[in-house]
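Chemist: First, the structure itself, so that you have it in front of you.
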Amino acid sequence: MDKTDKPCCSFCGAEKSPTVPLIAGNDGRICEACVKLAHQVVSSWGQRRKNQQLAPQLRTPVEYKKHLDESVIGQEAAKETLSVAVYNHYLRLLNCDREPVCQLGEQVELEKSNILMAGPSGTGKTLLVRTLARILGVPFAMADATTLTQAGYVGDDVDSIITRLLDAAGGDVQQAQWGIVYIDEVDKLAKRSGGGTAVRDISGEGVQQALLKMVEGTEVRISKSGRRNEHSEEQVVDTRNILFIAGGAFPGLEALVSSRIQPKNTGIGFHAQPRREAPSINELMASLLPDDLHEFGLIPEFIGRFPIITFLQELDHATLLRILTEPRNALVKQYKQLFAYQGVELVITDAALNYIADQALIRKTGARGLRAVLEAALQQTMFNMPSQPQLRGCTLDLVEHEDGGRSLEVLTRLAEDGSGRIQPDPSPVVEEKSALSADL
């Protein structure tokens, strides 16, 4: 370059001026605009490398469902919906920098599709999402909507969700931006009904409003120190590519669906419609629409951020029985492993398993009720077991009493003492009547 010429950017040729400062190097200069462009190019290279690392982990929806089948029993429709949604989401991210396909002739920007899951407590909502995140190998964060508050209230603000996701990613912003966030108990953010009038929960609606931009896609500034002050260094997390999944029990939602699809019978006498058998909750929720969620109390803008809606079915006795024994980490397998660590073999009879499933149905807490019943039945045995080195086996069985009652009892087998007999364990039994009274 001629020394008589004005200094200019070696990349774009922009001349140095009060508004265009230049950074000088050994053999040239660069302006601020070209620095930003270079940063975008280098960042794109890094993103492509991350895409290549994630690409081998992207499997087909069929493969995702097979993995979910190993951990979650039943819920076929929900598992298929989640598998397709997750596959499409990460397929979109892997091809975001790809050249336009020849059939379209232009680049089409794909919008992300967040997911809302409705279903009774204990049906596997959290387990499904956590399992998918583990299969994908992406950061995962879970937030309880009941702890979130809008600005000006005491509690966790919505930005704390991204802070947890960033922590799960080890502080790597790029990795966090490909993560999954699960917001549980979103039904608690809905309006509350009192008497004949619907009273809107101001705090809950405020949280819904605060979540809108984050769920849709925005830049969230997170302090590296975790504390908010003027001097703390910040990290910027773009939420456009974060998959948000919301879940909740939505008690009473089935009644809203029923009132929509089954109008009241106002006929009299011969004009009255014949009474039909009331549909089950699962049949009603198969007809769930966004309008029903709005009627429940979620604002339309919040519902619109979750275009994919799926329902998890209420668990019946047969499904609870399978949950006890079939999954990879089935509850019975866990307790057998726990006993095996202490050199004791645990056997649970079929009659006991059926009784445990019955009691879980009475508690109305889904799969969580199974652990509660089994823990109560084995608690005293587990208390005494470390102090009984001669103990070699335990059998949990259902005992029928003369008065018609039933209870779970543990029979223990000691080390060889010449008789090899099985004797009752001095453990309190779990009686059917006590479980019923507790539920009432």
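Numbers here mean position along the shown chain, with the first residue as 1.
Placement of Cβ uses the backbone N, Cα and C atoms for every residue, glycine included.
Got these off Swiss-Prot a minute ago, pasting:
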BINDING   CYS9, CYS12, CYS31, CYS34  Zn(2+) binding site
BINDING   PRO120, SER121, GLY122, THR123, GLY124, LYS125, THR126, LEU127  ATP binding site
DOMAIN    1-50  domain 'ClpX-type ZB'
REGION    417-440  region 'Disordered'
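Have a look at these and tell me how they're positioned relative to everything else.
Modeler: Cβ environment of CYS34 (Zn(2+) binding site): CYS9, PHE11, CYS12 lie under 8 Å away, each six or more residues apart in the same chain.
Reduced to three states, the DSSP call for SER121 (ATP binding site) is coil.
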Chemist: Just checking, which of GLY122, GLY124, THR126 (binding-site residues) has the fewest C-beta atoms within 10 Å of its C-beta?
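Modeler: Comparing Cβ neighbour counts within 10 Å for the binding-site residues GLY122, GLY124, THR126 gives THR126.
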Chemist: Can you give me the same-chain residues 6 or more apart in sequence from LEU127 (ATP binding site) with a CB-CB distance under 8 Å?
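Modeler: Once residues fewer than 6 apart are set aside, LEU127 (ATP binding site) is near SER71, VAL72.
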